[in-house]
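**Q** Please find one structure pasted underneath; my questions will follow.
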Amino acid sequence: RLQESRERLSVLSKLCYAVGGAPYQITGCALGFFLQIFLLDVAQLDAFYASIILFVGRAWDAITDPMVGFFISKSSWTCLGRLMPWIIFSTPFAVTSYILIWFVPDISRGQVMWYLVFYCIFQTLVTCFHVPYSALTMFISREQSERDSATAYRMTVEVLGTVLGTAIQGQIVGKVDTPCIESPLFIGVTNSSVALEELNMTHDTGSLTETRNAYMIAAVVIGGLYILCALILWAGVREKRESSELQSDEPVSFFQGLKLVMNHGAYIKLIAGFLFTSLGFMLLEGNFALFCTYTLGFRNEFQNILLAIMLSATLTIPFWQWFLTRFGKKTAVYVGNSSAIPFLILVAVLDSNLIVTYIVAVAAGISVAAAFLLPWSMLPDVVDDFKLQHPSSHGHEAIFFSFYVFFTKFTSGVSLGISTLSLDFAGYQTRGCSQPSEVNFTLKMLVSAVPVVLILLGLLLFKLYPIDEEKRRKNKKALQDLRQESNSSSESDNTELASIV
């Protein structure tokens, strides 16, 4: 009990730790929901080039996670800790590159390279923030209950961060009407190319400039929040060195650790399950703005619908934390993820109706909350299970977290690139006021049928995950016994040394 009381975290420490998770979610949500529609309708890139930017950016983001995990595993302890320097020094450069993503350069050529370069730079720098921050979970306390509690705080703030990202980006951009062009098929002229050229010349370019300025204002506001959250994290959280680290500061072999981690069955089964469920929600996120704008016809309402999803998710995080404590984490996975399926089907089957869409948005938000909370609550359990099986191997926490993010991001990059490319094949019209029926059908598939199939596949894979509540309790007790043995051994060594002296 004395050991547990020393490991207890104050509410202030948990809050400061939780605030550190907001920058990744604020920027990620803004990019996830709005970058596709920004590239297509504001920067006016061809859908093919937009798909390349989205795929390469996400794929590069995935590659940087294990790279950063490797360098973190080689990092030595400093006065700020081993993980905190990565978080602090990457922040100003990440904010600068993020703002430049939303800038439309006045150049006739090279726009594709502009967005591709700065998107990749930002993804690298935000990885330097998020991977060490994720691994920090294992160093704020050795008590599993305290880590779970801190994770619940973190998930609440992170989902609140998605609300902020959606609200700031959506409300600032939503106040400006992005100009669109009527399809020449509905105009009584014979030469459609001439009609499009005339419409482009006579259209109100001032409105497009206002839209671009709105995106820049939103980017600056979000960048300011990023810096503020990083400062709060640095001021309120201190890393705790594990007793094993105190015995030896020799660098850990990354590739040997990677081999051990990838051979750990519980970890592979966990990331396989979350890979498919996360992929379903990411497809929904990436295409939902276009789906609301064109398929449902809510051009001026989609930012409010997105806000309803994120507010619902934020308010239900405490419920899911109670649920997983009461009924177990595996049960929470099944209930939380499957609850989204009927509503995803409903929004695609029913005719466009604003009230029904808001009801579906609130219901989907409840499931999104579970999808946010559960991976980060279950990963520490896998790390503890690994420690019991490999008690002499230390310092692999960053590998667990970085490779989970790697697999998720890489597959989401592939899926988002393919989904944007499929819109191009379906005949997506840049800045069009309406889209062909093929595009609307494709959007329905991308936000309904495909996510439902992916979620079901993920839930089937979770059947193989071996760490249930009984196994988790046994692991907790075994770890406590190991630490007591380690402390007793350390104390006896010190006593023996003192007697010799």
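Glycine is no exception: its Cβ is also placed from the backbone N, Cα and C atoms.
For 22-40, 83-105, 112-133, 214-237, 266-284, 304-324, 331-349, 355-377, 398-421, 441-465, the entry in TrEMBL reads transmembrane segment. The region 'Disordered' annotation in TrEMBL covers 478-501.
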**Q** Take the transmembrane segment (355-377) and find every residue of the same chain, 6 or more past its ends, with a Cβ under 8 Å from one of its Cβ atoms.
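**A** Distant Cβ neighbours of the transmembrane segment (355-377) are 134, 137, 148, 151-152, 154-155, 158-159, 162, 270, 274, 277-278, 281, 284, 292, 296, 298, 305-306, 308-314, 316-317, 319-321, 324, 329, 332-333, 335-337, 339-340, 343-344, 346-347, 404.
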**Q** I'm a bit unsure how to read this: which one of 22-40, 112-133, 398-421, 441-465 has the highest number of Cβ pairs shorter than 8 Å with the transmembrane segment (266-284)?
**A** 441-465
**Q** Sort out for me which stretch, of 83-105, 112-133, 214-237, has the most Cβ pairs below 8 angstroms to the transmembrane segment (22-40).
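**A** Answer is 214-237, with the largest number of Cβ pairs below 8 Å.
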**Q** Are the transmembrane segment (398-421) and the transmembrane segment (214-237) close, by which I mean at least 3 Cβ pairs under 8 Å that are 6+ residues apart in sequence?
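**A** No, the stretches stay apart by this measure.
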**Q** Which residues of the chain, 6 or more past the ends of the transmembrane segment (441-465), have a CB below 8 A from one of its CBs?
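**A** Contacts of the transmembrane segment (441-465) (Cβ under 8 Å, skipping residues fewer than 6 from its ends): 266, 269-270, 272-281, 283-284, 286-288, 290-291, 294-295, 330, 333-334, 337-338, 340-341, 344-345, 347-348, 419, 422-423, 426.
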